[in-house]
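Trainee: What follows is a structure written as structure tokens; I'll ask about it next.
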Amino acid sequence: MYKPKIICLLLGMLSGLVFAPTFFIPALLTLSYLCYIVQKSENWQEAAKFGYLFGFGHFLSGIYWISIGVSVYIADFWWAIPFALFGLPIVLAFFISASCTLSFFAKNNKYYQFIFCICWVLFEWVRSWIFTGLPWNLIGYAFSFSDILIQTLSIIGIYGLSFIVIYISTSAYPLFRKQFTQLKILLASSVLILSVIVIYGAVRLSNNPTNFTDIKVRLVQPSIPQTEKWNEEEFWHNLMLHINLSENSEPTDLIIWSEAALIVPDDIPQVKSELLQMLNSTNAILITGGISDNKKQGDEFELYSAMYALDKNDHKLFEYHKSHLVPFGEYMPLKKILPFKKLTHGLIDYKEGDGGLVYLEKYNLKIKPLICYESIFPDFVRTNNEIVDVIINITNDAWYGKSSGPYQHFHISRSRAVENGLPMIRVANNGISAIVDPFGRTIEKLNLNEINYTQGLIPKKLNSPTIFSQFGNFTILLLIVFILLINYLLALILDN
């Protein structure tokens, strides 16, 4: 039995390549083997082992880049690198193992493959919220290389798209069992479903050109290395780099800086002077990431990762506090038990903010703010576009260098635009900054490691809410019924 276990591990590693930036889509067929070997297992323990080994390989190759972030401060956190590289895949593999274990109990069911797909998506959903959640690289994101293929997000969301991807990916599993009638049914249904997705996406995009508001926005990407970002000696150089990229002879309404672009309070006299001079010369409003230090009692402070807006009259127009914090990065879970400090700068943990929406009165602009990885949580972001005009997502992917991480983060984030029918303005210190329309199309873009700015008009939101934004994950139930009906009809046709 060692051979199937090794195969599962290797195929799991190959399957991690289906995501950005490689998008090696043929690797999705590795899931057909997993589906087969789980059904072939002699007991649930064996099925769990196969699923675990596949899952470990899957996450090892898919999110290896997290260890690069830990290595930024290698002198302090060298010990954490193996935990980041291997520890997270060791934990996350349990979700795939659990889905395989549950599927095993349906091994003799006529609809085993269908149940396998349901179990996979079920545990993707569980992964999105348990232990604060990490819905990174859900299998549906394998289709995010194509604007056409992600249009169904507006109806079924990312978990629905995951179901379709896993269904298509496991359609070849009867080949291993030489069950050719079932193979014909699954392949035919997969081709039909994929055709529906392609036709729907193509028609939706061709019938809906991007419409724009009158609000011009400038995205500033300084690409400051993480080793220099919190260096006090580099502070003024970094600030002036932001300002120089922001100032331009072309008029703009909004200037947007990235997560934690201001690492000191904006009311420090010299900092304030430089900011106001820039805002007066551009006649724009600055939306920036920063650190909010609210005094609690005496000398005790509460730190928040914030997004706020400043105008040329030194008025703070709104302030948003990040509510979905990164464990181990922005705070230490189980701090009384674990004798470690968080991996990011500073000794004080960030506090969880209230989240919510903000409003920019001058432009009558209702904003859904997202800081960093808040954008990876579909249920957290899900918003009726009748009460929101635009998503503004600020982030800092400089931690992860030229790895897969920043590319994956961008494609995950833009999926939220399609789900909610809202444009997204995404600004990274380093990473991928972009203006994205409500169909997920990239209008303007700055690439990884690019030191520059780009600007354009904010796209208009859709005229009506998307089905997903109104009903959420309940639409997956309709999808399941739809695919079951297709299978039933194809079985009637192909069996005769």
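One is the number of the first residue shown, and numbering goes on along the chain from there.
Using N, Cα and C of the backbone, Cβ positions are placed for all residues, glycine too.
Below are the features I grabbed from Swiss-Prot:
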- Glu259: active site, proton acceptor (ACT_SITE)
- Lys322: active site (ACT_SITE)
- Cys372: active site, nucleophile (ACT_SITE)
- 220-464: domain 'CN hydrolase' (DOMAIN)
- 6-26: transmembrane segment (TRANSMEM)
- 50-70: transmembrane segment (TRANSMEM)
- 77-97: transmembrane segment (TRANSMEM)
- 114-134: transmembrane segment (TRANSMEM)
- 148-168: transmembrane segment (TRANSMEM)
- 183-203: transmembrane segment (TRANSMEM)
- 474-494: transmembrane segment (TRANSMEM)
Trainee: What is the separation, in Å, between the Cα atoms of Cys372 (active site, nucleophile) and Lys322 (active site)?
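Mentor: Counting only the Cα atoms, the answer is 9 Å.
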Trainee: Six or more residues out from either end of the transmembrane segment (474-494), which same-chain residues have a Cβ under 8 Å from its Cβ atoms?
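Mentor: Result: 111, 114, 118, 121, 155-157, 159-160, 163-164, 167, 181, 184-186, 188-189, 192-193, 467-468.
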Trainee: Give me the stretch from 6-26, 50-70, 114-134, 183-203 with the greatest number of Cβ pairs under 8 Å to the transmembrane segment (148-168).
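Mentor: The stretch I would name here is 183-203.
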Trainee: For the transmembrane segment (114-134), could you work out the same-chain residues 6 or more beyond its ends whose Cβ comes under 8 Å from its Cβ atoms?
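Mentor: Sequence-distant neighbours of the transmembrane segment (114-134): 35, 38-39, 92, 95-96, 98-100, 102-103, 106, 159, 162-163, 166-167, 170, 324, 327, 333, 376-379, 473, 476, 480, 483-484, 487.
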Trainee: Which residues does Lys322 (active site) neighbour through Cβ under 8 Å, counting only same-chain ones at least six apart?
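Mentor: Listed in sequence order, they are Tyr304, Ser305, Ala306, Met307, Glu330, Tyr350, Glu352, Gly353, Gly355, Ile371, Cys372, Glu374.
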Trainee: Could you tell me which three-state DSSP class Glu259 (active site, proton acceptor) falls into?
Mentor: coil
Trainee: Give the mean pLDDT for the domain 'CN hydrolase' (220-464) on the 0 to 100 scale.
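Mentor: In the predicted model, the domain 'CN hydrolase' (220-464) has a mean pLDDT of 91.
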Trainee: For Glu259 (active site, proton acceptor), what residues in its own chain, 6 or more apart in sequence, show a Cβ-Cβ distance under 8 Å?
Mentor: Gly289, Ser305, Met307, Ile371, Cys372, Ile394, Thr395, Asn396, Ala428, Asn429
Trainee: With every protein chain in view, how many other Cβ atoms are within 10 Å of the Cβ of Cys372 (active site, nucleophile)?
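Mentor: There are 25 of them.
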